[in-house]
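Database features (TrEMBL):
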{"type": "TRANSMEM", "residues": "20-40", "note": "transmembrane segment"}
{"type": "TRANSMEM", "residues": "52-71", "note": "transmembrane segment"}
{"type": "TRANSMEM", "residues": "77-99", "note": "transmembrane segment"}
{"type": "TRANSMEM", "residues": "147-166", "note": "transmembrane segment"}
{"type": "DOMAIN", "residues": "149-383", "note": "domain 'Major facilitator superfamily (MFS) profile'"}
{"type": "TRANSMEM", "residues": "187-212", "note": "transmembrane segment"}
{"type": "TRANSMEM", "residues": "218-239", "note": "transmembrane segment"}
{"type": "TRANSMEM", "residues": "251-269", "note": "transmembrane segment"}
{"type": "TRANSMEM", "residues": "275-297", "note": "transmembrane segment"}
{"type": "TRANSMEM", "residues": "309-332", "note": "transmembrane segment"}
{"type": "TRANSMEM", "residues": "338-359", "note": "transmembrane segment"}
Amino acid sequence: MPMTGIGIITMLSQLRGEYGLAGAVAAAFTLSLAVAGPQVSRLVDRRGQARILLPATGISVAALGGLLLCARYDAPAWTLFVLAVAAGCMPNLAAMVRARWSRLYQDSPRLHTAFAFESVVDELTYVVGPALSVALSTVVFPEAGPLVAAALLTLGALLFAAQRGTEPAVVPARRDATRSPITSAPLVVLVLILAGGGTIVGTVDVVSVAFAEHQGNGAAAGIVLSVYAVGSALSGLVFGARRPPWPLPRLLLAGVAGTALTTLPLLAVDGIATLSVAVFLAGVFFAPTMIVVMGLVERIVPASALTEGMTWAITGLNVGVALGAAVSGAAVDGYGPAGGFAVAIAAGAAALLIAVAGYRVLAGAYSRAAEPDRECHAERADD
């Protein structure tokens, strides 16, 4: 996914010469992904990963292929939007992987470490993926970025589907559990928090490039973004290697507070060196916060809807990244890099307000989810 959206923009801007059209088609893909992704995951929870993964991948890859052909042969603009929407039926492999870890290490400290590893990998894909896609589309040929993204999706889906030994069994839903997990207040809080965090990520991506160009050193943007990824990855690995010292809702509140506070040094940026330090600090709390969010989703969402619940959380992150890129881009155009930094600070403040307002809801859901575990342990002790 990180390669596809930016790949569509880069491809269409070169083939059609219209940035507005390119951005609109990419937005259609992102919106479709946000709407269709959880529905695909809902089918996964009901029918099993193996039965849904490959058909969904086939639909998405075929649509991407059609989009590339229509872009190349100057098809009407409406065809680009239709195919971009169809491509949004992409399966969420990140959620499926976490669902497998959850079944393998349920109620084990290893689950925390597994989620930490996945968060670090996700962070790397968000840094490496867009850069690789842009490089392929600008250096090789315009369609190369989305084409390689489709090829990697196909290969990854085939390899993942072949791992039948770790595939979680379908958990039958209760008769009264017919609603989507996104209708529950705790999951809405988590999705909104990740949307705020994603907005910061998208803003850092755009503003780092704009600031580096403003300083006359555009190539330094890659270094700045790498520093951001390193800060997040290192903190994620360290956090994942340790047992959580507090209950997850309290950890989340601390993580979001740290995320909000570490955006403030962006106000003091006056060069590439200080920008690198500022984004390193901003990245330190990202991976740990995402790890905690996924841990909370695993605890509060019913097992019969776990993949869908995790997909909603990741969707919040993806929408936030897209929103951050769009809003910060407009802010940079109007007010320069400082306007973009203000977007990151505002997103951090909004995420903190949501975390504070939703703390009691999350703590209550977490406590209720822990009660069956305590009862189970008590029964084992009696035996």
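Including glycine, each Cβ sits where the backbone N, Cα and C put it.
It should be emphasised that the depicted structure is a prediction, and the values quoted were computed from it without experimental measurement.
Below 8 A, the CB atoms of the transmembrane segment (147-166) and the transmembrane segment (77-99) form 3+ pairs separated by six or more positions in the chain.
In terms of C-beta pairs under 8 Å, the stretch of 251-269, 275-297, 309-332, 338-359 lying closest in packing to the transmembrane segment (20-40) is 309-332. Segment contact holds for the transmembrane segment (77-99) and the transmembrane segment (52-71), given three or more CB pairs below 8 angstroms at sequence separation of 6 or more.
Averaged over the domain 'Major facilitator superfamily (MFS) profile' (149-383), the predicted model has a pLDDT of 84.
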